[in-house]
Amino acid sequence: MEIIKIDSLAYKGYGVGRVNDKVVFVGCACPGDTLKIEIYDEHKNYAFGRIVEIINPSQKRIAPICKHFGICGGCDYLHIPYEEELYWKTEIFKAEFNKTFKDFGFKDFENVNLIKGFKTQNYLNYRQKIGLKISPPLIGFYKKLSHDVEGIEYCHLAKEGVNELLKNARNVLLSGNYRDNFLNEIYSVTLTDTGLKNITFSLKNRIPNLRQNYDLTFKDIIERTGADNVFVELKQKKGNKEDKKIIKYSRDRDKNDNNLRGKGNYFMLKGKKFAYDLPSFIQVNREQNENIIEKVTAYIKNLNENRRIYFDNALDLFCGYGNITLFLADYAKMVTGVEADPFSVELGEKNLKLNDIKNINFVMSNAGDFLEKAKKRGINYDLIVLDPPRAGIKGLAPKVAGLNPSSVIYISCDSMTLLRDLRAFVETGYLIEQINLIDMFPRTYHMEHIAFLSRKR
């Protein structure tokens with residue numbers, strides 16, 4: 001056992017202190033804490049420890065609202081005030097930014113405008129989607145640093161509509177025949193409330209005669225949970241590719257209802273209609289998603305009005321179902337949205353029809369393959385928007401730059417991969433004009449970032 005004083009917070013929300021001049025990272029710690037800790041993972045220059053006892057709590061430490069905090073892996077910052085969380089998120093990003101670009105010299109970055117962005121009014125009950133793991137009879141999140149499941153009955157980060165789905169789904173899945181049979185067939189369940197309440201079950205294995213054997217099961221789940229749609233998802237590897245099959249069950253609606261099965265399952269976002277009758281990636285925080293769209297469109301509008309920069313041909317890579325793409329249509333003559341997931345592309349096509357948009361073309365393709373083909377065909381884009389998954393774009397920055405965009409907008413949910421990729425863009429001749437930090441995931445260490453880049457003249 002060791003005694004440690006916590007001085008600061010670091011990436012992933014770890015408290016930072018020293019034991020015998022070695023840096024030690026401690027989960028669920030607060031700057032100002034004096035702690036008794038147990039070292040569980042030691043390296044040459046640093047170590048990780050877990051709290052055994054809070055000897056003297058920091059004046060800024062608060063009581064977590066959730067009984068699962070510290071065990072469940074869903075939250076990182078329930079033990080500190082929200083304003084303190086925002087402060088440390090900004091400081092941590094600044095430190096990582098400076099570390100990434102320290103060898104470039106200040107002159108390259110003196111005009112970078114780091115904006116803390118939008119803090120949120122709703123730092124609890126904001127998630128319109130949660131993904132839960134199944135380990136019968138437990139339904140919940142993975143424990144910290146583990147693949148063991150911590151069973152939960154309520155999530156303080158989820159919208160009340162999602163928690164209502166959670167309560168009802170638990171009541172169904174943990175009862176009688178469901179608990180003994182169907183619960184053992186699934187490894188995760190995703191609950192979504194965008195105004196439409198959807199449940200997605202991910203199966204462990206393909207079930208023979210699924211429709212015949214479970215048809216009444218899914219109809220019963222819809223009735224007992226209040227869901228609008230139930231999706232059954234099975235992913236299987238076929239060589240190097242993943243084959244995903246979806247079976248959909250929908251609640252029958254009155255003809256006067258907007259959510260008519262097969263053609264009306266949509267929600268509104270900043271004046272546009274978005275179909276959501278297939279399971280696809282969706283931003284979990286609606287309020288902050290709207291702020292991101294606002295920031296992106298405001299930047300483009302400023303380029304139009306103040307710099308006289310206009311776009312003939314825009315490209316949205318990793319576009320999903322068109323979350324950003326649909327809004328680009330107002331600022332470019334032609335927009336191409338590229339997405340590898342076929343269900344997202346199908347939703348994107350529906351979104352074009354819902355909004356009567358004629359100047360967007362969705363392409364189902366891997367981003368790297370699309371960039372290579374565009375280069376071979378001599379196609380250039382004035383504006384390229386990137387919104388990749390957490391892993392970032394890896395080695396694609398030179399290929400993006402090879403299409404000669406005057407402006408690049410990079411949206412990222414991971415600080416480290418963003419900074420890695422921004423460095424690659426700087427090395428290919430782009431300037432970072434502005435980075436916005438958006439608190440998309442309050443009470444966790446995650447953030448959303450929007451980086452605006454321009455080609456050096």
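Backbone N, Cα and C define each Cβ position, glycine as well.
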According to TrEMBL, PHE318, GLU339, ASP387 bind S-adenosyl-L-methionine, and the residue from GLN283, GLN288 that belongs to that same site is GLN283
Output field, S-adenosyl-L-methionine shell: CB within 8 Å of site CB centroid, site GLN283, PHE318, GLU339, ASP387 dropped: PHE281, ASP316, CYS319, GLY320, ASN323, ILE324, PRO388, PRO389, ILE411
Could you check the binding-site residues GLU339, ASP387 and say which one's CB has the fewest neighbouring CB atoms inside 10 Å? ASP387
Helix, strand or coil at GLU339 (S-adenosyl-L-methionine binding site) [DSSP, three-state]: strand
In three-state terms from DSSP, label CYS413 (active site) for me. coil
Please give the S-adenosyl-L-methionine site's span as the largest CA-CA distance among GLN283, PHE318, GLU339, ASP387, to the nearest whole angstrom. 16
